[in-house]
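Enquirer: Mind having a look at this structure? Questions to follow.
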Amino acid sequence: MSASPSTTARPAAKGAGAPTAGGGRGSAKRRTPISRRGERLVGYTFMTPWIIGSLVFTVGPMLWSLYLSFTDYHLILGGDFIGLDNYRAMFDDPMFGRAVKVTLLYVLLAVPLKLIASLAVAMLLTQSRRGIGFYRAAFYMPSLIAMSVGIAIVWKALFAAGGPQDQFMSWFGWEGGGFIGNPSVSILMLVLLSVWTFGAPMVIFMAGLLQVPAELHEAAEVDGAGKWHRFVHITIPMLSPVIFFNVLMETVHAFQLFGPAFIIGGTAGGPAWSTLFYTVRIYALAFVDLRMGYASAWAWMLVLAVGVVTLIMFRAAKNLVYYAGEDNK
Amino acid sequence: MMRNPHGLRRRSILTGASAAAVLAAAAACGEDGPAGTADDPIEINFEWWGDETRAELTQQAVDLFQEKNAGIKVQTNFADFPTYWEGMTGRMASRDLPDVFQMDYSRLRQFGTSGLLLPLEGVVKTDDFRAGFLDTATLDGQLLAVPVAGNTLGLIYRADWFEGNGIAAPAPGYSWDQYAADISTLTPALGEGKWGGGDWAGVYHFMELWLRQQGGSFYTEDGKALNFEAAQLAEWWTSTAELYAAGMVPPVETTIEWVEGGLVQDKLGSEIGWDNFMPGYAPTVEANGGALALAAPPSLDPANLGLYLKPSMQFVISGATEQAEASAKLIDFLLGDAEAIKILGTSRGVPATNAGLAGVEIDPATQAVLDYEESVAQYLTTPPPAPPAATGAIEVKFGEIYQQVQYGEMTAPEAAELFFTEAETLLAAEQ
C-alpha cells in the first residue's frame, strides 16, 4: 500500500512545503532581543525602496484621490471642495447602474467558472504521472501572459465575425456572429479570458490538494466510498480554507478587471456599453471627460464595495470553512 | 513591544532621502544645457496623429530639417487619432506635452485656455497663410496655433458605381432625401456585403452640418451650452432609421469591427467626410478598379450648405517648452521650406500657406479636392468659434450613445435625452 504512487508523492511534497514554512516562523521567534534591533534596521534599509515606492506611488495617490473625490476637480481647470456632491451624483448617474451591472455580471460568471476550471485541472495535475512537471508548467503558462496587451488583441481577433469562435459555433447552429459586435454575449470574451488564466488559483489548489491526508481517502475507500463521495466529503471540506482564499482573491481581482476590458471594449465599453466595466468607466470619466474629482468618487465607491463584499465573505466563511487545527477547541 | 520604532523609522527615511538626493543629482548631471551645437544638440519632441504613410513622409522632412539644423535633434512619435488624443489628454494633466504637436480645431480650446500652449504671435512666421486660415487659429484674440492645411465636408462617392447604376452625379443642393433614395437604389444593385453608403447619423460633425444648414449651430456663441433641442437630436438620429432597418447601410455589428474605412475596403459606395481624405483613399480604390469623386454634402436648403473651411489640423507649441526657438524653427520649416513642402505633399491636406500651395505637386485626386473647394467657395460661411473644451468628450459621447440606438437598446428620443444629460454635465464641469 505504501508503495502506491499517491502515497509516495505526498510525503515528499509535505517535506518540501510545510516544515520549511513552520521552521522559518519558529526560528524568528527564537532570536535574541539584542540582535533584533540591528536586524530590523537592516530589514527596513533593504525595504526602503519599496517603502518609498508604495508611499509615493500608492498611498500618496490614494489619499490624493480620496481628497479629490470631495471636489469637482477638472483635469485641466482644477476644482473646489464640494463635500459629498459627487457621491450623491452617482446615484442619479444613468451610467453608474450600467457599469455596476456589467461588473457584477462579470464577477458572478468569471469567478465560479475560473475556480471550477482551476480545481478540476489541479486535481488532474496532482496525480503522479510521467512528465507531470511539463503539464503543470504548460497549464500555468497562460496566466503569465494573459494580462498583456498582445493577448487581449489576439483574443479580440478570435471573436471577430468569421473568426474561429464564429466558425466553430456556427457548426452548432449559432447565428449570432462574432462576439465583438454582439452586445448580448460580448462579456463572455472577458469571462473566457479570465477562465483561461486559471494558473494562480490552480497552483494554490494543487498545494491544498497535496495536503489532504491520504489516510482519510484510504479509510473511506475501505468503507466503500466512491470517488464522488470522497471528493464531496473529504476533499472539499479539507480544501475549504484554500477554496475560501481563492474565492476571495479572485473576487477582489474580478471587481478590478481593467486592461483586457479596456482593450477589447475601448473607453466606451463597446458594443453598446455591454463591456462598460466599472473601472473602464472610471478611466473614461477621468481621461476622456476630464472629471477627475467625480472619477475619484467612483473609485472610492469601488473600494467601499469590495470592502463590504470581502467582509460578507469573511462572515460567511465562519460557518463554511473547516480549519483542521481547530478541532479540539 | 517595539522598543524604539520611531528612531528606526526616522533613520530609514533619512537613508531613503539621501538615496533620493543622490539620484536627483545624478539625473541633473545628465540634463542637456541649452547649447544646441552638433556635438551637444538641443532636443525637441514632435508628435502627430496619422497613418504610416504620413509618418514616413514626415520623418523624411524631419530628417532634412535635422540635416539643415545640426544643433537640433527632433524626437518624433505618432499614433492614430483616438490613441493620440487619449495619450495627449493624460499628458496634459501631467503637464508633459511634446514641444511641437499636431492640434485639432475641436480641442484647441481645451488645451489653449489653460496656458498649455505657447502664444505664437511673433514666434512663428505668419505672413504667408492663405486668406481666412488664421481665423481658426486664434482663441480669444490670441494666436495659439498655425494651420497646416484646410478642409471642408463633402460627399466622397464611387463615381463608377453611381454612374453604372444610373444615379445622377450629386451636385450642390442635393437633398438628404435624395441621398437616402440613391443609397436605397445602390445597395441592392451592389449585392451582398456592399452598401451604397454608411449610416451618417452617428457623427457629431454631420449633425453640426445639419444644424448649420438650418441656420443653427451646435453650441451657443459663448460655447457654454448646446444650441439645439433634444427633439432635434432625436429627429437627426431617426433620419437614417429606415435605411438602417432595411439594411441599406451596413449594420453596426459589421462596422464595429472595421479598422479602416468602407470606401477603401471596397464595401461602401459613398461616405460623407472631410474632402482631404479623398486623395488618401483614391489610390486604394483605383487599385480595386473603382473611381472616386467629390461632391457637396447633402443639404436641407440648396442655398445654405452649412459648409465652412476648417483647419484640418494645426501645429502648436507647448507652453512649457524650453526650446521655443527651435520648435518654431521646425514649424516654419515644415510649412515654408520648398523641399519640405515637396516631401510632405498633401498628406495633411492642401497646404495652408501660399508657398505650400505653389510648391506642392498636385496629383489628380488632390486637384479634385482643390476643384471641389473652389466649386463650393460661394457657399462657405464663417466658421463657428472654437468649440468648448468638452468637445472632444462630447464628440465621443455622441457616437457612443447613437450606438445604443443602432443596437436597438434605446429609442432615439431616450438616447437624445441621455445625450443631453451627459453633454450638459460635461459642459458644466468646465465652468
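Every residue, even glycine, has its Cβ placed from backbone N, Cα and C.
Heads up, TrEMBL stuff is auto-annotated, nobody curated it.
Look at TrEMBL and you will find A:1-33 tagged as region 'Disordered'. Among the features that TrEMBL reports, compositional bias 'Low complexity' is placed at A:1-19. The transmembrane segment annotation in TrEMBL covers A:41-64, A:104-125, A:137-161, A:187-210, A:231-249, A:261-280, A:292-314. Annotated domain 'ABC transmembrane type-1' per TrEMBL: A:100-313, in sequence order.
Tell me what's around each of these sites.
Expert: Sequence-distant neighbours of the transmembrane segment (A:104-125) (same chain, 6+ residues past either end, Cβ-Cβ under 8 Å): 132, 135-136, 139, 187-188, 190-191, 194-195, 197-199, 201-203, 205-206, 209, 235, 243, 246-247, 250-251, 254-255, 257, 277.
Within the chain carrying the transmembrane segment (A:137-161), a Cβ under 8 angstroms from the stretch's Cβ atoms is held by residues 121, 125, 177-181, 189, 193, 196-200, 202-203, 259-260, 263-264, all 6 or more beyond its ends.
Tertiary proximity for the transmembrane segment (A:187-210) is limited to same-chain residues at least six positions away from its ends with a CB under 8 Å from its CB atoms, namely 9-10, 13-14, 17, 102, 105-106, 109-110, 113-115, 117-119, 121-123, 125-126, 136, 139-144, 146-147, 151-152, 155-156, 159, 179-180, 235, 238-239, 241-243, 245-246, 249-250, 254, 257, 260-261, 264, 274-275.
Under 8 Å from some Cβ of the transmembrane segment (A:231-249) lie the Cβ atoms of residues 111, 115, 118-119, 123, 200-201, 204-205, 207-209, 211-213, 216-217, 220, 225, 310, 313, 317, 320-324, all in the same chain and six or more residues away from its ends.
A Cβ distance under 8 Å defines the sequence-distant neighbours of the transmembrane segment (A:261-280), meaning residues of its chain 6+ beyond its ends; these are 95, 98-100, 102-103, 106, 149, 152-153, 155-156, 180-184, 186-187, 189-190, 255, 287-288, 298, 302.
Taking Cβ pairs closer than 8 Å, the transmembrane segment (A:292-314) reaches residues 65-66, 68-75, 79, 82, 86-87, 89-90, 96, 244, 247-248, 251-252, 255-256, 278-279, 281-283, 285-286 in its own chain, all 6 or more past its ends.
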